[in-house]
């Protein structure tokens, strides 16, 4: 067995360093057997309290879920093996991510481009939800793009099966800027709505080319949501007041969506409105979103091979042109590391 693991580790030739997080390092590599270019996520084993059978629980969850999933818009897990004090996950190599595309100001994102990105995101998410899995960490840099322009959902370290009656979950999931209001109010029982709210934030970011609701804290995040979308009433969200961390907010009227997304047509505004419904029980699902007029109306989505590719080095695009946004993003991610391990793409 030890020989087999060692031979599997030697099967991959490291080509380049791609990134590093608190618990993992990512490399570009070549599979010597097939000549395929892959990405290897090498995870450092957690402390005893964080590990199960010597494997970090987050990694174990990611392996288990990805082994059961197969969809064109979900990252493929090609191999997984332990070696020395690490566990390595081998993935499809992806050229870039949606965050890089959004930040590259040399690229023009047309309505057809945005529709293509949203179509692939929702198709992958619909598959997940049909298989009773919540992603729980959707954001632009977890939506990866390969050399053919195919978008794939990635980073399943926080993903979770759902559907068991009365099963409680942690509310400290999803990066704050993409976190649904029910999570910010401390909901322990939730469903697909948390992913759909994040999709709404990603769609808004594609349209605006900046993060839509970049809050500094959970309280600030809720304030930004209500100032922008209006403070919900009990009629709009019946169970709001019973949530564990609910606090009363000033009644904000909100800004009409057409004043925020000035170039959006009625069909797109209707989709955005459905994704940002406060009541998670009535919030648009992935299947419902795919059936909206937005996707059946013209223009059609751009084919993957014709989607824009970044013109600038990825490293430069990871530092936004707007230093305020860059600082806030780093601060938000740093604060959340006190609760959650730092997330990495692969």
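Note: Cβ is positioned from N, Cα and C throughout, glycine not excepted.
Under DSSP, residue 137 (active site, proton acceptor) is assigned to coil, being neither helix nor strand in the three-state scheme. Other Cβ atoms within 10 Å of the Cβ of residue 137 (active site, proton acceptor), summed over all protein chains shown, number 23. Per Swiss-Prot, the feature active site, proton acceptor maps to 137; the stated evidence is sequence analysis.
Residues annotated as ATP binding site in Swiss-Prot: 18, 19, 20, 21, 22, 23, 24, 25, 26, 41. When secondary structure is read from DSSP and collapsed to three states, residue 26 (ATP binding site) falls in the strand class.
Feature annotation from Swiss-Prot assigns domain 'Protein kinase' to 12-295.
If you look up Swiss-Prot, you'll see 2 marked as N-acetylalanine, on the strength of similarity to another entry.
Taken from Swiss-Prot, the feature phosphoserine covers 7 (among others), and the record attributes it to similarity to another entry. Following the DSSP three-state reduction, the secondary structure of residue 7 (phosphoserine) is helix.
Per Swiss-Prot, the feature phosphoserine maps to 164 (among others).
Residues annotated as phosphothreonine in Swiss-Prot: 170.
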Query raised in the report: If you average pLDDT over the domain 'Protein kinase' (12-295), what do you get?
Result: 92
Report summary line: residue 20 (ATP binding site) to residue 137 (active site, proton acceptor), Cα to Cα, whole Å, comes out at 18
Report summary line: Around the Cβ of residue 24 (ATP binding site), other Cβ atoms found within 10 Å total 26
**Report entry** Other C-beta atoms that fall within 10 angstroms of the C-beta of residue 18 (ATP binding site)
**Finding:** 19
Query raised in the report: How many Å lie between the Cα of residue 24 (ATP binding site) and the Cα of residue 137 (active site, proton acceptor)?
Result: 17
Query raised in the report: What's the CA-CA gap between residue 26 (ATP binding site) and residue 7 (phosphoserine) in angstrom, rounded?
Result: 20
